[in-house]
Amino acid sequence: MAHSRPRRRKRASATQLYQTCKASGTCPPDIIAKVEQNTLADKILKWGSLGVFFGGLGIGTGSGTGGRTGYVPVQTAPRPAIPFGPTARPPIIVDTVGPSDSSIVSLVEDSTIINSAASDFVPPIREGFEISTSETTTPAILDVSVTTHNTTSTSIFKNPAFAEPSIVQSQPSVEASGHVLTSTYTSTISSHSVEDIPLDTFIVSSSDSNPASSTPVPTPVARPRLGLYSKALQQVQVTNPAFLSSPQRLITFDNPAYEGEDISLQFQHNTIHNPPDDAFMDIVRLHRPAITSRRGIVRFSRIGQRGSMYTRSGKHIGGRVHFYTDISPISAAAEELEMQPLVAAAQDDSGLFDVYVDPTPGPVAVQNMSYPSSTSFVRSSMFTTKWGNTTVPLSLPSNIFAQPGPDIIFPAAPGVPPYNPVIPSLPITPIFISGSQFYLHPSLYLARKRRKRVSLFFADVAA
């Protein structure tokens, strides 16, 4: 006979023990603390909940069922479905018409129908203020005082026997007669009220100190900066005049009959060559010319691009050169030159001798004529250039007749005095300088700084 073990009975839970022993007061302290959530873990949660909020998760010493209500899944409310298709129209209620109803519908009620049963409504009348009338009827009379004026009679007539002389222009005849009323309280005579209004002039006068209107200063047009004198450009001065008209002749040997336009010029050098001008070596591009003014001169400039090195991709590497030549200087102010007249304005014939020949000359004896020297008639001066008439002796044969002609007067120029060196009145004596003291120039006070030698190789340091 097999031995049967007794069935194991389940122990009561802490909640069941708390319900039976709480009334009698025999509950163990751990059961009371567990049921009333007063254990050490519950106290830590209470103290930590002062700074941290766990959202009512029911964290405690229970069985982990999520508290009394358990765990509830978090769900979001579904969106309402949007109906598709046309919406239904609300029904229209139509009144039915019976066979005995009238088919004519009157829009306006007949005004001839009198409702005898209804009474007409009369609105109540409220009482207003009372108007008091007086029995005495006295007309209103205004007290108007009449102002007395003195009457003055004035008559003006024109007397034909007396006429006042006119100053500027003749005055028309005036004949008038009438009465002028003047007030006893005022001393001026006026027929109506007059308002004094100052006259405004519309003539605008201006001066240099106070202009009448403001003329806006036009904004200066910003000129492009050429940058011809930057550090990136090599400055080369060209003295060949062909640089102005045909610069391509300085780079390559072209056709001299062809003259290109003033545009950028490009050159291709397939082989090594020497240009006509060594300054234009390896020039592959010459930009268009630019005329500028610098330091009082007119300068003709062109920028050139050298093609000293080419890469495999075909790009050339080279410096930029500024070729320039000075055309002419710019004078600050034009020189004033006094022009001398070619013919003298005043003619002085006092010291002049003209050559006149008798219109009816007689026979000339050749054997008796003398040939004087020209020095006795021609007078010359070394330091004066005054022109005048000179008498020239003529030794004519007997068969040639001389006719008198006009006098030729040359312009007179001012005489230049001769240069005489000034001889000093005092005798010239030699000057001897002797002494041991001297003054050093201020620029030599500071000694020159000696440059420190910097070693570039390790061999210099070792030495």
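Residue 1 is the first one shown; counting continues down the chain.
Backbone N, Cα and C define each Cβ position, glycine as well.
Residues 1-12 are the range that Swiss-Prot records as motif 'Nuclear localization signal', among 1-12, 85-96, 373-384, 397-408. From the options 158-166, 239-247, 446-454, the stretch Swiss-Prot describes as motif 'Nuclear localization signal' is 446-454. Listed disulfide-bonded residues: Cys21, Cys27. The one with the lowest count of other Cβ atoms within 10 Å of its Cβ is Cys21.
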